[in-house]
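Novice: Straight out of Swiss-Prot:
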type	residues	note
TOPO_DOM	1-8	topological domain 'Cytoplasmic'
TRANSMEM	9-29	transmembrane segment
TOPO_DOM	30-159	topological domain 'Periplasmic'
REGION	130-159	region 'Disordered'
BINDING	H130, Y134	heme binding site
Amino acid sequence: MNIRRKNRLWIACAVLAGLALTITLVLYALRSNIDLFYTPGEILYGKRETHQLPEVGQRLRVGGMVMPGSVKRDPDSLKVNFSIYDAEGVVDVTYEGILPDLFREGQGVVVQGELGEKNHVQAKEVLAKHDENYTPPEVEKAMQENHRRPESVYKDKAS
């Protein structure tokens, strides 16, 4: 191999190494800003294809329906505890702040926050469904895939 080819090979290797390093650093920097979307069932059992569970402390968005009878408000503050469900599971959420006007039991919501211990989400933002015709695309897809409710929603409360 002549000297000119060796120099070109070294330059090509250096460019590829620099490109790989740049991509790695960009992905590492963006990792803290990416909020992955999960349903309650995916938090409990993992994503469908990979069965990967979210980690404690991970920022995420959770979409589902507010469980009827689960909304508990603290009388001394703006703290609210409620549960979000889908066909595969239920996740508890804590939020401190003013809830959207359209927030109510049985309605679709998307909460953004951090996953805590025991699959508890500490929400920093709560988004309620806008009107009866609008559903966020991620929530609509997830609800179509599992359009059943957990059995606890159907239990007769009188007995």
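Cβ coordinates are placed from backbone N, Cα and C, and glycine is handled just like the others.
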Novice: What parts of the chain pack near the topological domain 'Cytoplasmic' (1-8), using Cβ distances under 8 Å and only residues at least 6 beyond its ends?
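Specialist: Residues: none.
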Novice: For the topological domain 'Periplasmic' (30-159), what does DSSP give as the number of helix, strand and coil residues?
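Specialist: The breakdown for the topological domain 'Periplasmic' (30-159) reads 24 helix, 46 strand, 60 coil.
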Novice: Within the topological domain 'Periplasmic' (30-159), what mean pLDDT does the predicted structure show?
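Specialist: Averaged over the topological domain 'Periplasmic' (30-159), the predicted model reaches a pLDDT of 83.
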